[in-house]
Amino acid sequence: MERNLDEPPAKRIKPSAPELGKFSDSSSPPHHSNPSDKPMSEPSSSRGQIHGDTVGSKGLINRVEFVRVITKALYTLGYKNAGASLEQESGIQLHSDSVNLFREQVLSRNWDGSLTALHILGISDADIVRSASFLILEQKFLQLLRNGKATDALEVLRREITPLGINTKRIHELCSYMIGFGKIGGESPSSTMKVLEELQKLLPPYLMVAEKRLEHLIEAALTMQKNACPFHNPLDSSLSLYADHRCRKDQIPSQTTQHTLCGHLKPVVTASWNPDDTQLLTCGWEEDIRRWDVQSGQCIGSYQRETIGFISYGFGFISCGFISDGKMFFSCLNGMDFCISGFNWERLKRLKGQRNTNFSDMAVTKDNNIIIFTDKNSALQLLDVALQKKRFVEEEHTITSFSLSKDEDFLLVDLVNQEIHLWSIKDEPKLVMRFNGHKRTQLLIRSCFGGLEQGFVASGSEDSRVYIWHRGTGTLLEALDGHSGAVNCVSWNPTNPHMLASASDDWTIRVWGTKTC
């Protein structure tokens, strides 16, 4: 007979005489019983109340619930003696006798006994009882089919499952098993535990402490602390339990720590990291695209319009960036075309713009299936290349540029009214946050996502500064000085959350790091 190894052998309860036949010989009824066991939200001994009904300085934590959750955690971690000692010393059972009996019947796959034990639990909500009964009887039906007892299984379906009057779709699926169209999985200890966990989700939470409940509570508290920390950007994402979490301001890039990349002869309008953060791709206004080795500060490639497939119309590059695994890049001409190319000058894909279309920016998803570009002055088009399906992000003001998040579910949209808008594009586009404070009156200024889990937003500005906001709250955290001209673009390192690059009208690219680098 299978048991839950996380907890000690179940204490058993004796059902009333008519119910004895429901339990198998392998799980004989216990020595005492009270079918109306009180819910375990109440202490089973006055010892549980010696120090009051609550713990903690604010009186928010119920003592009995607290002890039960700790007891469950001890058993789950394998500390069975410690768990049993806590039950004995506190006088607070992890589970009542009736719950232990129910768990034992389920884990031993005695489905008739499980159904009887379910009714002993004294649950008043009829819908809960029906749903739990359905799940138990479903397992009974499947077990009979596995054992070759199709006639008995059909009787269970007709006389026990169908009269419950719920989950018609699942009943039809069970019927398909009868005629061989459905595939029935085999039984295993893990599958039986999953059944118990599914039943636990249906039952009132006071009856059985959920698996890993203590871990869930602690993770929720840590997540809340992390989200409330405006400078959360550590290289190590783990959090300590020994003290409340708070990052220092020096977790944010704030000083130039590597080479200032020089070589452009005109204002630099775009900077983009490759996936492994070893290279930067930049383009200057009406200049070539340049590829840089970040470690050495040397230019290792230059790409002209004609060499990557563009006909020179007198228009300059307006944007560029690495795509996929860093072996390809995209480039876009102001007001005309954009192209996907390899670094050996081979053109892989070209999308030609209409003369009345103002392509100020573009992005390509990792699978190369969706191209995002400015469709009109105040709209972005999300084009599914394979399906030729279009979606649109529509703004009230003119869009100057945009940036796609790493998970490809969000867009940062830069507008002429000196605002940056965060859009969710996972389903239908939805505006979720606004950022402001930077300066933009006439130039094309670009923003980006960055930091740990892309928890920050950074932007250039016409006042020669780099601005950094908290993505979740929209709070302005930093305004970095260093450039001598307008900062046209910023690009956060994709693998090092402590590093970002900025491109400026002063013809340079700066690489920023933390003060502790």
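Yeah, the Cβs are placed from backbone N, Cα and C, and that goes for glycine too.
Here is what TrEMBL records for this protein:
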- 1-10: compositional bias 'Basic and acidic residues' (COMPBIAS)
- 24-37: compositional bias 'Low complexity' (COMPBIAS)
- 95-152: domain 'CTLH' (DOMAIN)
- 261-302: repeat 'WD' (REPEAT)
- 480-517: repeat 'WD' (REPEAT)
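The list of residues near the repeat 'WD' (480-517) in space but at least 6 beyond its ends in sequence, with Cβ under 8 angstroms from a Cβ of it, reads 233-235, 250-262, 264-273, 275-277, 280, 282, 284, 292, 294, 406, 443-452, 454, 456, 458-468. With a cut-off of 8 Å between Cβ atoms, the residues of this chain six or more beyond the repeat 'WD' (261-302) that come close are 308, 316-322, 325-326, 329, 331, 343, 444, 446, 485-486, 488-496, 499, 501-505, 507-511. Secondary structure counts, DSSP: the domain 'CTLH' (95-152) has 45 helix, 0 strand, 13 coil. Assigned with DSSP, the residues of the repeat 'WD' (261-302) fall into helix, strand and coil as follows: 0 helix, 24 strand, 18 coil. When the repeat 'WD' (480-517) is classified with DSSP, helix, strand and coil residues number 0 helix, 18 strand, 20 coil.
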